[in-house]
Amino acid sequence: MSVVAAGVSKWAVRDVSFELPPGSVTAVVGANGSGKSTLLNVLAGHLPPESGHGAIAGRVAYVPQHKPMYKSFRVADVLAFGKHMNKTWDGERADEWLKRFKVPRKLQAEDLSGGQRTHLTLALALGARPDVLLLDEPLSELDPLARRKVMSELLTEVADRGMTLVYSTHVVAEVGGVADRLLLLSAGRLLLDGETDDLLEEHVLYTGPHASKSPVKGPVVQAKHGVSHSSYLVRSGGAAAGEPWTARFVTLEELVVAHLERAA
Amino acid sequence: MNLESIVWLTWRQHRGPVIGLAVLALGTVYALFAGEAGDGPAGSLQMAGFYAVAVQLAFGGVAGVVLGAPLVARELEERTYFVAWGQDVTALEWLRGKMIALGLLVVLLGAAVGAGSGFTGGQSSTWRAFEANSFVQAGYAAFGFALGVAIGLLTRHVATAMAATVIAYTLVRTVISFLRDYYWPAERDIARWEESPKVAPGSLEMGSGFVGEDLKPVGVPDVCAAQSNVASCMRSARAASGTYVDYQPPSRVGAFQFVEFSLYALLTVALVVLTFRALSRGGGWKPTRSHRRLPVPAVAETAAAEPAAESAVEAGGAGEAQPAPGVDGADDPVSRS
């Protein structure tokens, strides 16, 4: 699919094609303005692509980055709103989420903290009984402890109900140990798409004497040269390099940064 | 979206403006009828009637500003459409429900506002009280509301939509009020000097002047224009054989009111169609440029060419990287947990 940014003659997302396996947890990673929100908007049906299509089988719930909510609505009103706007509303599930995170029922949405508003929008989304939950930077307004707890609870939802979770982030640390799939975007283009573990095992960093060529075959993601040595990050699939080269796997952060630097 | 949900959502979101508009309309109705009845302290009732007539001039615009303009614009500006529009309730269903609920209310309140004229002595069917008609006021109200919704969708900003609605409503009302006199060709009464004009009382006079021997309008020569009694000069100078008056008779008030209502009803339908078409095409509710404006990055090509050499930086080394297979004795793939 491709999407043109509104009001400007440039692509917000271009030539992006991927599939979401049911029950998977997919992290959409990219720098600010890379097209993550646009991509989720298309998947949620809020933005028509210029070409191609975004289709999701089943019920979709979407929580945008800015966590929009009617300011004058009390928390209880939001639950009533969810009931009226969704054909299959699970009030207990939404209520349970709010209780778990101690969101006061009597407060108006505009009086809630950023974190409480995140919980409220998540409760509204989960109450809709989604098959696919799309979250745009869901943890941005939460403290580190709450981030861990929310992710843990979401993963429980995924495991218990077979829900598919797609969330965007520009913090790579929020991907490790959570997402089993990674979509890496830069300037609207898809740089990486695959199982997180597979991607990590395919990329190897080779360090050795100064050389103008990579010691192994495969696409070079990053090359750096010092006075007496060179290092190559290669998508080699784990191929071995001869002496005197040393090799090691890279961290997820190194992998993401290398691809983003290459694309920049 | 069923009726109960539409009513709940509409009331919960718009109860403030709805109550305000209802109080204004019902207060106007009371003042109009009190003014017509003429009982009680006459001065205060006349003033009440005056204010009520002023409301008749502006009610459609007020409905457009307080209910129409924010209807879509607020959802777009505060981006709450993300939670309102989805698989179960699409944007079109949402708009249809809201426009039916609020549109009906506005039309009913408009009809109430037009129920009286505020004038004593049964002048409600005269040109003077042309806008004191339930159909006419309902048309104004429906038009104002639809105009506000359409502008709100196009501007995507509440304050801008409100201001633009005031301007557009005033402009349209002003233009049509000038056209109104010509919905039907005016009748002409011609009276020779020895006759008296036979214009029916309560007619809307649109123009007058002098006629020549052929009973066609003639101009006033300079010599008579300078006189204080132009008619006497025209007669003595034999420059005219009589006078004429162009007018719309009072019997046409009802027909003109129907034309006025039909005109605004057509404009309303056109605006509603425009609004739904814009919404269905997504043009009106795409996030604005500022919502997702991109920097100006050079879109990198994905060729696997070797990148150019960078400054001397030690590669890797950070984090929990593991040795790769086949190097430094790490012969087996390293699992990551």
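Using the three backbone atoms N, Cα and C, a Cβ is placed for every residue, glycine included.
Feature annotations, reproduced from TrEMBL:
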type	residues	note
COMPBIAS	B:305-327	compositional bias 'Low complexity'
REGION	B:305-337	region 'Disordered'
TRANSMEM	B:18-38	transmembrane segment
TRANSMEM	B:50-73	transmembrane segment
TRANSMEM	B:94-115	transmembrane segment
TRANSMEM	B:135-154	transmembrane segment
TRANSMEM	B:161-179	transmembrane segment
TRANSMEM	B:261-279	transmembrane segment
Point to revise | Contact between the transmembrane segment (B:18-38) and the transmembrane segment (B:261-279) (3 or more Cβ pairs under 8 Å, separation 6+) | key: no
Review point. Residues sitting near the transmembrane segment (B:135-154): Cβ under 8 Å, six or more positions beyond its termini, same chain?
Key: 56, 59-65, 67-74, 76, 95, 99, 102-103, 106-111, 113-114, 161-162, 164-165, 168-169, 172-173, 257-258, 260-265, 267-268, 271-272, 274-275, 278-279, 284-285
Check your understanding: By Cβ distance under 8 Å, which residues at least 6 away from the ends of the transmembrane segment (B:94-115) in the same chain are close to it?
Key -> 1, 5-7, 9-10, 14, 18, 21-22, 25-26, 28-29, 32-33, 55-56, 59-60, 63, 67-68, 71-72, 84-85, 131-142, 144-146, 149, 272, 275-276, 279
